Amino acid sequence: MIHTLLILFSLLTFSAHAAVQDFCVADLKGPQTPAGYTCKPAGTVTVDDFVSTGLRFAGNTSNIIKAAVTPEFAEQFPGVNGLGISIARLDLAVGGVVPMHTHPGGNELLLVTQGFVQAGFVSSANEVYVKTLEKGDIMVFPQGLLHFQVNAGGVTAVAFASFSSATPGLQILDFALFANDLPSKLVEATTFLDDATVKALKAVLGGTG
């Protein structure tokens, strides 16, 4: 009886270990599922899949928002696939802003490493939480809530945002409203903005309709 139990325990232990997978490096040529990318064959995985140098340099802030977000999500950094983590670099020139946006797939933790950043989010009860952050300060933004970052000083600001997902997603409110072909009349009806304002914003952000 004891011998049988020992054999059974050994089989269960072996099965448990066999089911453990150290990592699942993203196969970017394969399909992306709600659980992430499919795994790259283990024999083709190299150390470079777990290392990224993409955040060494500042992003290009020569744009309408004077800001650049450089993501290192699973698509850019295959090694984080399936690990529930990712990171991005945020560069804000003087006057720069990351408009109201959400990450539907993950929480965010922002660490300021240079300059001053005014950041905040709006809860589902429409409570507003805003703080000016300086070098070394961190702030969290709960998953799915609208939030923003604004340069609050006279120098370029730099911050790094970590996420609780390898694919946190991103939707910018202004672009969702004014950078597509959603008819102006619908935008006006749902935002209470006048026709001239909606069309002006569509023209700035490249929308039609």
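Cβ from N, Cα, C; glycine included.
Just so you know, TrEMBL annotations are computer predictions that nobody has curated.
What TrEMBL records for this protein:
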type     : residues                       : note
SIGNAL   : 1-18                           : signal peptide
DISULFID : CYS24-CYS39                    : disulfide bond
DOMAIN   : 53-199                         : domain 'Cupin type-1'
BINDING  : HIS101, HIS103, GLU108, HIS147 : Mn(2+) binding site
BINDING  : HIS103, GLU108                 : oxalate binding site
Site with most surrounding Cβ atoms, counting all protein chains shown within 10 Å, from the disulfide-bonded residues CYS24, CYS39: CYS24
Cβ packing number for GLU108 (Mn(2+) binding site), 10 Å threshold: 23
Taken over the domain 'Cupin type-1' (53-199), the model's mean pLDDT: 96
Tally of DSSP helical, extended and coil residues in the domain 'Cupin type-1' (53-199): 22 helix, 58 strand, 67 coil
Intrachain C-beta neighbours of HIS147 (Mn(2+) binding site), sequence separation six or more, cut-off 8 angstroms: MET100, HIS101, THR102, GLU108, ALA119, GLY120, PHE121, VAL122, PHE141
Distance, CYS24 (disulfide bond) to HIS103 (Mn(2+) binding site) (CA atoms, angstrom): 23
Among HIS101, HIS103, which are binding-site residues, the residue with the most C-beta atoms within 10 angstroms of its C-beta: HIS103
Any further residue of that chain within 8 Å (Cβ to the Cβ centroid of HIS101, HIS103, GLU108, HIS147) of the recorded Mn(2+) site: THR102, PHE121, PHE141, LEU145, LEU146, ALA161, PRO168, LEU170
